[in-house]
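Heads up, here are the entries from Swiss-Prot:
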type: SITE; residues: 32; note: site 'Transition state stabilizer'
type: BINDING; residues: 67, 68, 89, 193; note: substrate binding site
type: SITE; residues: 256; note: site 'Transition state stabilizer'
């Protein structure tokens, strides 16, 4: 391929992206950043560059990050034994302190530092800042051996009760990129760990975001999980229940899709589940005709 051919290919890519850039300029896009894309340094940098490109063309990105693997690693390093009930971690006071340290003190700082190093204007927040996320202890009930429902205390695992998005709106309007850790405050003064997908979805609803992107370690929704070419590129909200009943949406994909459905019902324009392991996945999903993941819309 000659230098001219390479240049023409780049020009075609830019022209393909142009109508999408024009369409999304001035719009709010909430990005849930998690999975393998948080662990691989090269992918980290590519995600940050994608976010900065969105910001540079007038799109308003808001980032909400997870950090489960990093929390697990830190618990192991400090010798903190984890206790589980029905597969769910019990988050006691010490575990919550470690989770806050990792999410707010380490990961959030790393993300904003990387964005700023590449020329961005990123500001780190937790859900406790300006009472962005208010939570209560998440009630959990499980069926015991007698078939009766009983309450289970998982500690400082929270359920979002209220979102106060004013601080995020203010930062976005001033040209900053908010980066948010999923740690919420409660009226009892305690900190609560919030599922990052849920936190991102609730923030997207509160902002009435035009798009909500979930970076995952899967391509999206596959009609056949054994066939990577069976990706469902578009799913309507009213098709979700049927696909769950058919088993097309199953296992760990169900809570992500339910999160997508809740966001749509809360006024978000569209939700995208995409594979964050693919370099520049965000740009490929938003700025190309075919996209690379599954888009949910009303």
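Every residue, even glycine, has its Cβ placed from backbone N, Cα and C.
Tell me about the surroundings of these features in the structure.
In three-state terms derived from DSSP, residue 32 (site 'Transition state stabilizer') belongs to an extended strand segment.
In this structure, residue 193 (substrate binding site) is part of a beta strand by DSSP. Long-range neighbours of residue 193 (substrate binding site) (same chain, six or more residues apart, CB within less than 8 Å of its CB): 91, 96, 99, 156, 157, 158, 182, 183.
DSSP assigns residue 256 (site 'Transition state stabilizer') to a helix in the three-state reduction. Spatially close to residue 256 (site 'Transition state stabilizer') yet at least six residues away along the chain are 197, 214, 216, 273, judged by Cβ distances under 8 angstroms.
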Could you say whether, by DSSP, residue 89 (substrate binding site) belongs to a helix, a strand or a coil region?
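Its secondary structure by DSSP: strand.
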Find, for the listed recorded positions 32, 89, the residue with the lowest Cβ contact count at a 10 Å cut-off, counting only other Cβ atoms.
89
With a radius of 8 angstroms around the mean position of the C-beta atoms of 67, 68, 89, 193, what other residues of the same chain does the substrate site pick up?
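These residues sit around the substrate site: 66, 71, 72, 91, 99, 103.
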In sequence order, what residues of the same chain, 6+ apart, have a Cβ less than 8 Å from the Cβ of residue 68 (substrate binding site)?
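Listed in sequence order: 34, 196.
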How long is the line from the C-alpha of residue 89 (substrate binding site) to the C-alpha of residue 32 (site 'Transition state stabilizer'), rounded to the nearest angstrom?
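Answer for this pair: 22 Å between alpha carbons.
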